[in-house]
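Participant: I have a structure here, written as structure tokens, and I will follow up with some questions on it.
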Amino acid sequence: MADGSLTGGGLEAAAMAPERMGWAVEQELASLEKGLFQDEDSCSDCSYRDKPGSSLQSFMPEGKTFFPEIFQTNQLLFYERFRAYQDYILADCKASEVQEFTAEFLEKVLEPSGWRAVWHTNVFKVLVEITDVDFAALKAVVRLAEPYLCDSQVSTFTMECMKELLDLKEHRLPLQELWVVFDDSGVFDQTALAIEHVRFFYQNIWRSWDEEEEDEYDYFVRCVEPRLRLHYDILEDRVPSGLIVDYHNLLSQCEESYRKFLNLRSSLSNCNSDSEQENISMVEGLKLYSEMEQLKQKLKLIENPLLRYVFGYQKNSNIQAKGVRSSGQKITHVVSSTMMAGLLRSLLTDRLCQEPGEEEREIQFHSDPLSAINACFEGDTVIVCPGHYVVHGTFSIADSIELEGYGLPDDIVIEKRGKGDTFVDCTGADIKISGIKFVQHDAVEGILIVHRGKTTLENCVLQCETTGVTVRTSAEFLMKNSDLYGAKGAGIEIYPGSQCTLSDNGIHHCKEGILIKDFLDEHYDIPKISMVNNIIHNNEGYGVVLVKPTIFSDLQENAEDGTEENKALKIQTSGEPDVAERVDLEELIECATGKMELCARTDPSEQVEGNCEIVNELIAASTQKGQIKKKRLSELGITQADDNLMSQEMFVGIVGNQFKWNGKGSFGTFLF
């Protein structure tokens with residue numbers, strides 16, 4: 001990323017102050033043969049072709065010293081960087097050829113001498129003149145400019161010290177540390193832009209381990225495009241804040257592991273063969289390598305926009321429950337923007353004084369639902385009166401409370417605005433929500449997450465923005481007579497070890513209807529799923545998707561019907577399912593980047609057979625888990641395993657559901 005200290009905003013302003021660059025315009029192959037950007041038409045956008053001089057903006061570097069203005073090149077749009085890397089710099093090169101291709105690109109567009117730049121590091125800024133360029137090394141040969149201009153955080157950094165430093169570096173500096181001084185003639189526009197692309201690439205795209213990756217297909221498709229998209233998704237607030245933190249932590253861990261791995265490999269090359277120390281180092285090296293591969297796989301899942309939604313991330317909720325009030329009293333909170341006498345009379349009759357003794361119950365009035373939720377203790381009730389309420393924070397519900405609408409859901413609308421995280425965060429032991437319409441805007445996380453405890457949603461409407469409802473491990477979720485739509489990810493995500501009961505709901509117009517996370521790992525419990533009389537329709541992908549690792553696909557093909565595990569898992573249903581589609585990780589990645597389309601499965605009686613298909617696939621997956629556990633116990637010397645331990649009931653029932661007009665069918669499997 002271009003240094004924010006020089007711009008005051010860095011690339012964070014990219015979406016707000018776009019700058020067009022010369023090579024964003026598509027060039028014909030013939031023009032490339034003449035030399036990239038060597039003629040006026042190829043180095044400036046059509047909006048600048050009739051204007052003399054530079055087509056770029058300039059800005060003054062911050063600091064105590066008055067430096068000359070430099071080119072402002074860090075506010076480029078996604079497609080401008082995309083086209084530059086794809087068409088002109090990297091093309092179809094392999095990871096091992098990146099520096100070579102970059103050097104060839106720079107030879108075509110970079111002025112070899114005659115320009116000035118600000119050499120910028122974390123410690124100082126100094127003005128230099130470029131006398132030559134070592135393209136192969138991506139370095140410039142420089143000398144101090146006259147007059148001498150330097151801005152340093154260290155007062156003792158004198159001109160003599162700077163000369164000594166340059167001598168140590170043989171007057172050769174990395175191009176990415178140079179910021180070209182502005183020249184309104186336009187002669188150095190290409191130079192400034194080319195250096196910006198090199199700088200951005202090595203700061204945001206390149207990883208130190210990339211060269212050691214397999215070169216089966218071009219580096220741009222495999223690494224550059226997904227990382228570039230993720231960078232701009234983060235800039236434009238399309239990625240949850242927690243996931244961004246996870247990504248940067250994974251990067252740091254991977255870099256640290258790779259550094260240790262390189263040091264270990266270097267020490268091994270200097271060891272005597274067959275020594276005890278070498279054997280120990282080799283074991284440690286294998287461990288580091290395995291650790292790195294796992295970290296890199298996690299990074300790839302986050303970098304890919306489709307898999308980012310499919311796998312998500314485990315957000316830890318640190319909400320603390322308040323418990324019961326010290327007085328032991330329970331309070332009813334009434335939410336209304338304005339309280340009319342007639343409304344108050346109806347409330348007293350219908351809700352507040354239904355039982356004897358409720359006349360003594362305390363009532364608090366609020367103008368917005370968020371303040372009411374925040375004021376709740378264990379056992380409180382929140383009654384939301386008809387109206388349209390706009391909130392900007394998260395409903396963090398850690399105590400067992402009831403949140404209910406007084407009227408029809410369409411008359412009681414709670415709308416969340418602002419680029420925050422989750423709309424409703426549930427960690428309470430027994431939370432009940434009913435009769436409310438939740439509307440989400442500009443979100444980067446799901447509309448409702450059940451982290452733990454039990455949450456019941458009844459007679460509600462959920463208008464989603466990103467993912468819909470997420471049911472985490474060990475959580476219980478019950479949804480009845482509700483409508484969920486609009487999720488860009490899955491409408492409902494079900495994690496291993498959770499319980500999910502869905503009855504008489506509509507789930508539609510989402511990316512996927514319901515997504516069941518991988519539960520085949522030995523550390524995971526089988527989820528308990530009940531789906532009765534739901535209508536799952538008009539989703540872009542599948543009605544229901546099961547995510548599981550590729551390594552278990554062979555087991556499924558060889559699984560035998562009628563095993564004890566199958567018998568324990570059977571429910572009241574019949575019918576033979578079609579074979580579920582399987583999509584491996586690479587196909588998913590290609591699909592997400594638009595390189596291929598997943599094949600749609602034809603199922604003429606989809607809404608009838610969909611229930612059977614889901615049941616049979618889940619039974620087969622659960623059977624695999626039982627077989628794997630038996631094998632592991634056998635390896636430990638336990639020859640007679642208790643079948644009851646391995647035949648947990650996955651679901652109470654999957655019956656009466658209708659699957660209509662889902663883009664890829666009623667059921668699919670993601671293999672990763």
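Placed from the backbone N, Cα and C atoms, the Cβ positions cover glycine too.
Checked Swiss-Prot, it gives:
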MOD_RES   Ala2  N-acetylalanine
MOD_RES   Ser5  phosphoserine
MOD_RES   Thr7  phosphothreonine
MOD_RES   Ser31  phosphoserine
MOD_RES   Ser42  phosphoserine
MOD_RES   Ser44  phosphoserine
MOD_RES   Ser47  phosphoserine
MOD_RES   Ser273  phosphoserine
REPEAT    428-451  repeat 'PbH1 1'
REPEAT    497-518  repeat 'PbH1 4'
REPEAT    526-548  repeat 'PbH1 5'
MOD_RES   Ser634  phosphoserine
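Burial and contacts for the listed features, if you can.
Facilitator: A mean pLDDT of 91 is what the model gives for the repeat 'PbH1 1' (428-451).
For the repeat 'PbH1 4' (497-518), DSSP puts the residue distribution at 0 helix, 13 strand, 9 coil.
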Participant: Can you count helix, strand and coil residues in the repeat 'PbH1 1' (428-451) using DSSP?
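Facilitator: Per DSSP, the residues of the repeat 'PbH1 1' (428-451) fall into 0 helix, 12 strand, 12 coil.
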